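K.L.:
When I checked TrEMBL for this same protein, it listed these features:
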SIGNAL    1-23  signal peptide
TRANSMEM  98-117  transmembrane segment
DOMAIN    108-248  domain 'Sodium/calcium exchanger membrane region'
TRANSMEM  129-150  transmembrane segment
TRANSMEM  170-193  transmembrane segment
TRANSMEM  205-224  transmembrane segment
TRANSMEM  236-254  transmembrane segment
TRANSMEM  398-418  transmembrane segment
TRANSMEM  430-447  transmembrane segment
DOMAIN    432-581  domain 'Sodium/calcium exchanger membrane region'
TRANSMEM  453-475  transmembrane segment
TRANSMEM  496-522  transmembrane segment
TRANSMEM  534-553  transmembrane segment
TRANSMEM  565-583  transmembrane segment
Amino acid sequence: MMSHAVYLSLLLLVLSDHQQVTSRSHGPRNQRGVGSAGRALNTTLTMMYESDNDKCDLVMNVSAADRCAFVKNTPDCNLEDGFLNYLNLAFCLLPPNLTPLTITLCIIWLLFLFIILGLTASKFFCPNLSAICTSLHLTHNVAGVTFLALGNGAPDVFSAMAAFSHPHTAGLAVGALFGAGIFVTTVVAGSVALVKPFAVASRPFLRDVIFYMVAVFWTFLMLYRGTTTLGETLGYLSLYVVYVLTVIISAYIYNRQKRLINSSVQSTAQIPAEFHSSDSSDDDVPCLNGGTVQQEYESEYRPLLPYSESTSQILLSSMNPVDSRKWRRKTWSWRALKILKTPLEVVLLLCIPVVDPDKEDRNWSRPLNCLHLTTAPLACLLTFQSGAYADYLIQGQFPVWLLMLLLGFFLSAIAFCTTTNDSPPKYHSLFSLLGFLVSALLISAAASEVVSLLHMLGVVLSLSNTVLGLTLLAWGNSVGDCFSDITIARQGYPRMAISACFGGIIFNMLLGVGLGGLMQMVETHNDVQFETDGLTWVLAASLGLSLVLSFVIVPMSRFHLGRNYGIFLLVFYAIFLIIALLTEFGKIHFA
């Protein structure tokens, strides 16, 4: 985290210089706003509000003393999404000479929001989705491309949907999805090839790349026309359904062929290596044995004599996010980060239930799960649409939050009196649905805050939403995937890591753009309009080029991903990033 903070500080200094140059280039406009006071200030601001170019981005063209009044009186600066109005915080919280301090605090808060997104998705959203898949008896292929893909891509999808909710932040969604696609298919895939050179599974690799190229080309057509209709958006979403069906059918054909080969040879014969290497990634899931490993790990620390904990001890132990055995094995940097995340994890544990089918007791904690029946509905109420209904009064008298609290107490009392500490009840699997709902709403609320905060940084630093999406938002949402895929590759599963690189981003793009555009159509009853610039075409062209090169180079190398290929991908991303930043700063122009 410290490295991220240092990098963001340096980026802030560079972009501040760019902002000063931009402000000097608009000198005449600055002079009209400088020194206004009283009636003159109101007249000047009113003229700016009534102009055709009434945008919040113009706040940097007025004097520092007038920016707070500009933000408060400009409707475009009042974003409805999010708990806080970050533009008011940036220009009205502290005096103008302390604006850099406000920006620094907002960047620290941005890092904290990324931690909330990653922690909620990994510790609560994904485990509950896995429990739901187990309860529904879904195959691993179906679960992997549907529910578990949603778990892994939740920050990207919810961030894109939150960005599409406002026309001025739609560029964040395009930049984040395209930027994350380039980052994952180059930096993450290249790092996997550098860490563990291997032979990629041919048919799944070609399948994922082809579907992703189709999705990118379809998105490019929508951006080129600048609009998309309801029918096209539904067709765009149906492409993901076709992808899921293709994965299921290919897995079925592969398993059927494998059974035929096994039945045609001796029971001691082995499947040919060439056949196994072509489609093994479809069902080669190392985490399937995680439950057995976890059970063996826990059995070593079971007490020899019978021992039963009291209800208070169960509550305290279930609220403790620190594993003492893991703590002793980890490095000091991991411990420092764990200390920072512990208060947040405790709050999340109090609000979000987690069901773990791999554990013998399915993670049942009678006092904590009964408490969840009170805290989880309140958390849903406070996070749904940024707490818009938290202060709602029923018939103007009875607050809705008090009704939820009383209902929660009633359900908690019933559950506590009808269950025991030793075994989970039959309806315990329903807690996974409750945990899924609460974590999804929390991720959505955090994503809305990230989008609002990045929009403020774009206004203050005179940067487009697209460049913020392809850098900060894309990096923040993809850094977890980067570390997890590299770790999986080091553990000996590089095929799964490379499959996650291409399979997950297909879900993020199709669902992020499709659902985001569909929600905007439902709210506005109009077609979605896209605002494009030169940087958008750099993104689309770079992502398409990286996919085409991988589609050509990998088969030419007989599907062997070596270190040379990894270095090539990393160099490609560096060149793309340089061209994108030069385009943003006006050094490269596109007609």
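Cβ atoms here come from the backbone N, Cα and C positions, even for glycine.
TrEMBL does not curate its annotations; it predicts them automatically.
Could you place these features in context, so I can see how deep they sit and what lies close by?
P.N.:
Residues of the same chain lying 6 or more positions beyond the ends of the transmembrane segment (170-193) and with a Cβ under 8 Å from any Cβ of it are 156, 159-161, 163-164, 212, 216, 219, 223, 451, 454-455, 464-471, 473-475, 477-478, 481-482, 485-486, 489, 494, 497-498, 501-502, 504-505, 508-509, 512-513, 516, 528, 530-531, 535-536, 539-540, 542-543, 546-547, 550, 561-563, 565-570, 572-573, 576.
Residues of the same chain lying 6 or more positions beyond the ends of the transmembrane segment (398-418) and with a Cβ under 8 Å from any Cβ of it are 366-367, 369-371, 373-378, 381-382, 389-392, 425.
Here the transmembrane segment (565-583) has long-range neighbours at 182-183, 185-187, 189-194, 197, 467, 470, 534-535, 538-539, 542, 546, 549, 553-554, 557, 589-590, meaning same-chain residues at least 6 beyond its ends whose C-beta is under 8 angstroms from one of its own.
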K.L.:
Any chance you could find the range in 205-224, 430-447, 496-522 with the most Cβ pairs under 8 Å to the transmembrane segment (534-553)?
P.N.:
205-224
K.L.:
Go ahead and report the DSSP secondary structure tallies for the domain 'Sodium/calcium exchanger membrane region' (108-248): helix first, then strand, then coil.
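P.N.:
Reading the DSSP string over the domain 'Sodium/calcium exchanger membrane region' (108-248) gives 123 helix, 4 strand, 14 coil.
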K.L.:
In the same chain, which residue numbers or ranges, 6 or more beyond the ends of the transmembrane segment (430-447), come under 8 angstroms Cβ to Cβ?
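P.N.:
Those are 83, 113, 116-117, 120-121, 124-125, 127-129, 131-132, 135, 154-155, 158-159, 161-162, 348, 351-355, 369, 372, 376, 379-380, 383-384, 386, in sequence order.
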